[in-house]
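S.K.: Sharing the feature lines straight out of TrEMBL:
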- C82, C87: Zn(2+) binding site (BINDING)
Amino acid sequence: MAQCLGQVFSKDKTFRPRKRFEPGTQRFELYKRAQASLKSGLDLRKVVQLPDGENINDWIAVHVVDFFNRINLIYGTVSEFCTEKSCPIMSGGPRYEYRWQDGDQYKRPTKLPALIYMNLLMNWIESLINNEDIFPTRESLFPRTFSRCVKRY
């Protein structure tokens, strides 16, 4: 099992998280602190608690990006087994079916194979994270709508 996980998260793989924090920045330091907290135990209340003196928006942004990167890694391994043929509909079990609507290519809720749905979803989330107007990468001010935007999406 450990060997299998080692292969999944190998740095030699072509599938890796896309968003990184630049070393030497405040967000990189927050990211390192969050990683250390996660490795030290499973008290989630302590792990997500805002450190003293830190900006809440920076802390939220670090966790959003880290969560996306982790989900992206998991998705990368699952996508090898979920093809358009084996997963013809994006569903959450037998009772829930997800449909894609983006206002551009898919103007109405559209039934899609899980692989296509997830690719569209991950690309959409990545575009939000890479949008400097929503997630500034430098030590600049977050937009006033940042908190609302993160909650909404």
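Residue positions begin at 1 at the first shown residue.
Cβ from N, Cα, C; glycine included.
Please treat TrEMBL annotations as automatic predictions, because they have not gone through curation.
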S.K.: In sequence order, which same-chain residues at least six apart have a C-beta under 8 angstroms from C82 (Zn(2+) binding site)?
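M.R.: For C82 (Zn(2+) binding site), the qualifying residues are A114, L115, M118.
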S.K.: Have a look around C87 (Zn(2+) binding site) and count the other CB atoms within 10 A of its CB, chains all included.
M.R.: 18
S.K.: Quick one: what's DSSP say for C87 (Zn(2+) binding site), helix, strand or coil?
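M.R.: SS state of C87 (Zn(2+) binding site) = coil.
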S.K.: Looking only at DSSP and grouping its letters into three states, which state does C82 (Zn(2+) binding site) belong to?
M.R.: coil
